[in-house]
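What follows is a single structure, written as C-alpha coordinates, with notes after it.
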Amino acid sequence: MAEKMNVESFNLDHTKVKAPFVRLAGTKVGVHGDEIYKYDVRFKQPNKEHMEMPALHSLEHLMAELARNHTDKLVDISPMGCQTGFYVSFINHSDYDDALEIIATTLTDVLAATEVPACNEVQCGWAASHSLEGAKALAAEFLDKRDEWKNVFGE
(Lines of atoms letter the chains of each structure in order from A and count residues from 1; the text may use other names and numbers.)
(Lines give C-alpha, C1' and ligand atoms only; values in the text may rest on other atoms or scores of the structure.)
Protein backbone atom coordinates (compact mmCIF):
# COMPACT_ATOMS: atom_id res chain seq x y z
CA MET A 1 0.00 0.00 0.00
CA ALA A 2 1.11 3.53 -0.68
CA GLU A 3 0.62 6.54 1.55
CA LYS A 4 -1.83 6.56 4.42
CA MET A 5 -5.35 7.35 3.27
CA ASN A 6 -8.17 9.19 5.05
CA VAL A 7 -10.50 6.17 5.16
CA GLU A 8 -9.40 3.67 7.82
CA SER A 9 -10.44 0.58 5.89
CA PHE A 10 -8.40 1.70 2.87
CA ASN A 11 -5.33 1.35 5.09
CA LEU A 12 -6.25 -2.22 6.07
CA ASP A 13 -4.50 -4.89 4.03
CA HIS A 14 -7.54 -6.88 2.93
CA THR A 15 -5.30 -9.75 1.80
CA LYS A 16 -4.13 -10.32 5.39
CA VAL A 17 -7.48 -10.58 7.20
CA LYS A 18 -9.44 -13.81 7.66
CA ALA A 19 -13.21 -13.54 7.82
CA PRO A 20 -15.33 -13.89 9.81
CA PHE A 21 -14.19 -11.35 12.37
CA VAL A 22 -15.24 -8.32 14.39
CA ARG A 23 -12.61 -5.63 14.85
CA LEU A 24 -12.63 -2.15 16.28
CA ALA A 25 -12.12 -0.07 13.14
CA GLY A 26 -11.97 3.29 14.84
CA THR A 27 -13.12 5.68 17.52
CA LYS A 28 -14.16 9.31 17.37
CA VAL A 29 -14.59 11.75 20.24
CA GLY A 30 -17.19 14.46 19.82
CA VAL A 31 -16.83 18.05 21.00
CA HIS A 32 -18.84 17.23 24.14
CA GLY A 33 -16.83 14.11 24.96
CA ASP A 34 -19.14 11.47 23.52
CA GLU A 35 -17.23 8.59 21.94
CA ILE A 36 -18.24 6.62 18.86
CA TYR A 37 -16.86 3.08 18.49
CA LYS A 38 -17.04 1.72 14.94
CA TYR A 39 -16.68 -2.03 14.41
CA ASP A 40 -15.87 -3.83 11.18
CA VAL A 41 -18.17 -6.88 11.28
CA ARG A 42 -16.81 -8.96 8.43
CA PHE A 43 -19.00 -11.82 7.25
CA LYS A 44 -17.15 -12.77 4.05
CA GLN A 45 -13.52 -13.04 2.98
CA PRO A 46 -12.56 -9.89 1.05
CA ASN A 47 -12.02 -10.40 -2.68
CA LYS A 48 -12.98 -14.08 -2.40
CA GLU A 49 -16.69 -14.05 -1.55
CA HIS A 50 -19.51 -11.63 -0.89
CA MET A 51 -23.09 -11.49 0.36
CA GLU A 52 -25.79 -11.39 -2.29
CA MET A 53 -27.63 -8.09 -2.19
CA PRO A 54 -31.16 -9.32 -1.29
CA ALA A 55 -29.80 -11.29 1.70
CA LEU A 56 -27.47 -8.47 2.77
CA HIS A 57 -30.29 -5.93 2.45
CA SER A 58 -32.64 -8.00 4.59
CA LEU A 59 -29.93 -8.67 7.16
CA GLU A 60 -29.31 -4.92 7.38
CA HIS A 61 -33.02 -4.26 8.05
CA LEU A 62 -33.25 -7.07 10.60
CA MET A 63 -30.09 -6.14 12.48
CA ALA A 64 -30.90 -2.43 12.49
CA GLU A 65 -34.33 -3.09 13.99
CA LEU A 66 -33.55 -6.01 16.31
CA ALA A 67 -30.25 -4.76 17.78
CA ARG A 68 -32.07 -1.81 19.31
CA ASN A 69 -33.99 -4.28 21.50
CA HIS A 70 -30.68 -5.05 23.24
CA THR A 71 -28.98 -1.67 23.59
CA ASP A 72 -29.66 2.03 23.51
CA LYS A 73 -26.01 2.65 22.56
CA LEU A 74 -26.34 1.62 18.90
CA VAL A 75 -25.79 4.49 16.48
CA ASP A 76 -25.97 2.68 13.15
CA ILE A 77 -25.52 -0.54 11.22
CA SER A 78 -24.22 0.15 7.72
CA PRO A 79 -23.54 -2.37 4.96
CA MET A 80 -20.17 -2.21 3.23
CA GLY A 81 -20.30 -1.44 -0.47
CA CYS A 82 -18.04 -4.44 -1.14
CA GLN A 83 -20.80 -6.63 0.30
CA THR A 84 -18.45 -8.45 2.68
CA GLY A 85 -19.72 -7.05 5.98
CA PHE A 86 -21.19 -4.22 8.00
CA TYR A 87 -20.01 -1.33 10.10
CA VAL A 88 -21.68 -1.32 13.52
CA SER A 89 -21.30 1.87 15.57
CA PHE A 90 -21.99 2.46 19.25
CA ILE A 91 -21.91 5.65 21.29
CA ASN A 92 -20.23 5.75 24.71
CA HIS A 93 -19.88 1.97 24.75
CA SER A 94 -16.26 0.81 24.73
CA ASP A 95 -16.85 -2.79 25.88
CA TYR A 96 -15.73 -4.97 22.95
CA ASP A 97 -16.98 -8.21 24.50
CA ASP A 98 -20.40 -6.69 25.12
CA ALA A 99 -20.49 -5.43 21.54
CA LEU A 100 -19.86 -9.02 20.43
CA GLU A 101 -22.68 -10.21 22.68
CA ILE A 102 -25.08 -7.61 21.27
CA ILE A 103 -24.17 -8.72 17.74
CA ALA A 104 -24.61 -12.41 18.63
CA THR A 105 -27.94 -11.85 20.37
CA THR A 106 -29.17 -9.78 17.45
CA LEU A 107 -28.18 -12.45 14.93
CA THR A 108 -29.91 -15.08 17.07
CA ASP A 109 -33.03 -12.93 16.85
CA VAL A 110 -32.61 -12.86 13.05
CA LEU A 111 -32.84 -16.66 13.02
CA ALA A 112 -36.28 -16.45 14.66
CA ALA A 113 -37.61 -13.67 12.41
CA THR A 114 -40.75 -14.32 10.40
CA GLU A 115 -40.54 -11.21 8.24
CA VAL A 116 -38.15 -8.45 7.22
CA PRO A 117 -39.03 -5.18 8.97
CA ALA A 118 -39.86 -2.20 6.75
CA CYS A 119 -39.88 -4.38 3.63
CA ASN A 120 -42.29 -2.21 1.66
CA GLU A 121 -42.13 0.70 -0.77
CA VAL A 122 -43.12 3.26 1.85
CA GLN A 123 -40.27 2.42 4.27
CA CYS A 124 -37.56 1.04 1.97
CA GLY A 125 -35.81 2.39 -1.10
CA TRP A 126 -35.59 -1.00 -2.84
CA ALA A 127 -38.34 -3.09 -1.31
CA ALA A 128 -38.22 -5.70 -4.07
CA SER A 129 -34.65 -6.66 -3.14
CA HIS A 130 -35.01 -8.75 0.01
CA SER A 131 -34.49 -12.33 1.12
CA LEU A 132 -35.46 -13.38 4.65
CA GLU A 133 -34.11 -16.88 4.11
CA GLY A 134 -30.86 -15.46 2.74
CA ALA A 135 -30.50 -13.19 5.77
CA LYS A 136 -31.11 -16.12 8.11
CA ALA A 137 -28.48 -18.20 6.30
CA LEU A 138 -25.91 -15.39 6.65
CA ALA A 139 -26.72 -14.99 10.35
CA ALA A 140 -26.44 -18.74 10.98
CA GLU A 141 -23.13 -18.99 9.15
CA PHE A 142 -21.65 -16.05 11.09
CA LEU A 143 -22.92 -17.36 14.43
CA ASP A 144 -21.51 -20.83 13.71
CA LYS A 145 -18.04 -19.27 13.59
CA ARG A 146 -18.34 -17.08 16.68
CA ASP A 147 -15.15 -18.56 18.10
CA GLU A 148 -13.28 -16.88 15.20
CA TRP A 149 -14.68 -13.36 15.62
CA LYS A 150 -11.77 -12.00 17.67
CA ASN A 151 -9.11 -13.42 15.34
CA VAL A 152 -8.86 -10.80 12.59
CA PHE A 153 -5.73 -12.17 10.93
CA GLY A 154 -6.34 -15.89 11.39
CA GLU A 155 -3.34 -16.35 13.65
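Using the three backbone atoms N, Cα and C, a Cβ is placed for every residue, glycine included.
Since we're looking at a predicted model, the values are computed, not measured.
As given in Swiss-Prot:
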type: BINDING; residues: H57, H61, C124; note: Fe cation binding site
For the Fe cation site built from H57, H61, C124, further residues of that chain with CB within 8 A of the site's CB center: S58, E60, V116, A118, C119, W126, A127, S129, H130
Structural state of C124 (Fe cation binding site), classified by DSSP into three states: coil
Same-chain residues at least 6 apart in sequence whose Cβ lies under 8 Å from H61 (Fe cation binding site): V116, P117, A118, C119, C124, H130
Residue with minimal Cβ packing [other Cβ atoms within 10 Å] among the binding-site residues H57, C124: C124
